[in-house]
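**Q** Sharing a structure with you now.
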Amino acid sequence: IDINNGENIFTANCSACHAGGNNVIMPEKTLKKDALADNKMVSVNAITYQVTNGKNAMPAFGSRLAETDIEDVANFVLTQSDKGWD
C-alpha cells in the first residue's frame with residue numbers, strides 16, 4: 001500500500017470530479033466519511049470494485065489503471081475520509 005502513490009493517482013485521474021472529496025456530477029455522492037458509509041463504500045474492496053468497474057456517471061478505470069494503483073487510490077480515499085479531506 002502506497003498512500004503517496006494513491007494521492008498521485010487520485011490527483012491525475014479522480015480530482016476533476018472528486019477534488020476535496022466532493023462530487024461535481026452527483027453532489028450527494030461525495031467521498032466524505034458519512035456519504036461513503038451511507039453508500040456502503042467503507043472498505044478498500046468496495047472502493048476498488050467501483051473504481052475498477054465504474055457505476056452510473058463514474059467511468060470504469062480497470063482498463064486504464066494497474067490493480068495496485070487502484071488499491072492505492074482506494075486506501076488514499078479512505079485515509080482522507082477519516083481525516084476529513086483536510
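Backbone N, Cα and C define each Cβ position, glycine as well.
Since this is a predicted model, take the numbers as computed values, not measurements.
Okay, so Swiss-Prot annotates it like this:
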| type | residues | note |
| --- | --- | --- |
| BINDING | CYS14, CYS17, HIS18, MET58 | heme c binding site |
**Q** Can you list the residues of the same chain, besides CYS14, CYS17, HIS18, MET58, whose Cβ falls within 8 Å of the heme c site's Cβ centroid?
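**A** Those within range, site residues removed, are ASN13, SER15, ALA16, ASN23, ILE25, LEU31.
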**Q** Suppose we draw a 10 Å sphere around the Cβ of CYS17 (heme c binding site). How many other Cβ atoms does it contain, all chains included?
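**A** 16, counting other Cβ atoms within 10 Å of CYS17 (heme c binding site).
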**Q** Secondary structure at CYS14 (heme c binding site) (DSSP, helix/strand/coil)?
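**A** Note: CYS14 (heme c binding site) is coil by DSSP, not helix or strand.
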**Q** Find the longest CA to CA distance in the recorded heme c-binding set CYS14, CYS17, HIS18, MET58; express it in Å as a whole number.
**A** 11
